[in-house]
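Below is one structure, written out as structure tokens; the observations come after it.
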């Protein structure tokens, strides 16, 4: 059966090169990933610290230290503890829908600034919390920050990057997520040793530092040419910005495509309603399933709860935090490798290779835990080391594939007229899945025990099949010419029919 894996572009490439101007601009914007990664790393770390648990979750602490009858897999099963983690993501989910019109009507830069400021305030409030209510309100403000930054930063990177290197520029977001995660785990490893039991406050409050850098750095960022055109700015002004970004005077071709996309965009008054049209069916499916699959890989099992997971198999408090740091560093190394490969070998091969790696690692981890870790006692050191190595293999596969590419593909496939709306769906699905998994993981761990890894492995298999048959290659295709991949795909061309061709379709401006 033909699967339409070879998608040819129309050969159109814009002039230009990678300039220092675009590099510095995208580096500042990509730092929005640091706050996302930092929160994932710090949440799991402080949730395993004794002073933090004693102050806010004494029931969990008592089960962990004193209860000898509760199963290893159930000691952290607390809805209050999971609410601490997941409250951020439900706030991010709701705020992402407010972020969409801000990003569309006022620009990518204001949305980045709002997100950075909200996250900074939330970090200060959570770090100074004296009760569970202050802690969760701080988490909600952190969530608002994530809703805005995850909405705007990937779009900013895609629109600023030269099309030839767009994948590498977008992977920078995931690299910053990894930097944030690794920074959090290293800081947790240090603060847990502070006498007096207040080290967790440093871990939580330091999230405000990268948020402040992002918010104030964004004040000096240029707006993207796509956004300026969409807002109706003077074409000569946009042309001068393009010349500065691309490092060449030959930008008329790209400018013409931006203007054409802008006319279509302005004719659409209700982007979410238009996203439901048949001609946008492939983009709608991808905006839902790619972030869904990204979160159902099981990455949150490792990222959120890595220290708790290693505590479950018998590691000490410091050893569990160190193990989480090791797995994070491994993931970061392979994400950097993705930067070098994504625009050379393409997105699909990396999805395939990383998916197989993740699948095998999860099956083996589940098998070892099922055979070697009972409801009581701990795992012996060789088996625990084997689990750590396999989780590193899993993290390297995620770093090669679903980690960075989940953001790369979704930020580049949407036409300008639905881009903000579609990206808000991506962020909403991502955060809602993160919320759901954060809310139910500890319950699942208690009931499924080691089989939880088989559960996520089954999803990895399903998403790998999805990519093989239904995700076309986007490597090297200009962002405003991306409609070609759906026209030529064996399946999607039957779904959209002739409606994908502009000359055969009238824009719904109602």
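Going from the start of the chain as shown, residues are counted 1 onward.
Note that Cβ sites are derived from N, Cα and C of the backbone, with glycine treated the same way.
Checking the ranges 80-100, 143-163 against TrEMBL, the transmembrane segment annotation falls on 80-100. It is 451-471, from the ranges 262-282, 451-471, that TrEMBL records as transmembrane segment.
Among the recorded stretches 80-100, 112-130, 198-221, 349-373, 385-409, the one sharing the largest number of Cβ pairs closer than 8 Å with the transmembrane segment (421-445) is 80-100. Contact between the transmembrane segment (112-130) and the transmembrane segment (18-38) is supported by 3 or more Cβ pairs under 8 Å, counting only residues 6 or more apart in sequence. Mean pLDDT of the predicted structure over the domain 'Major facilitator superfamily (MFS) profile' (25-475): 84.
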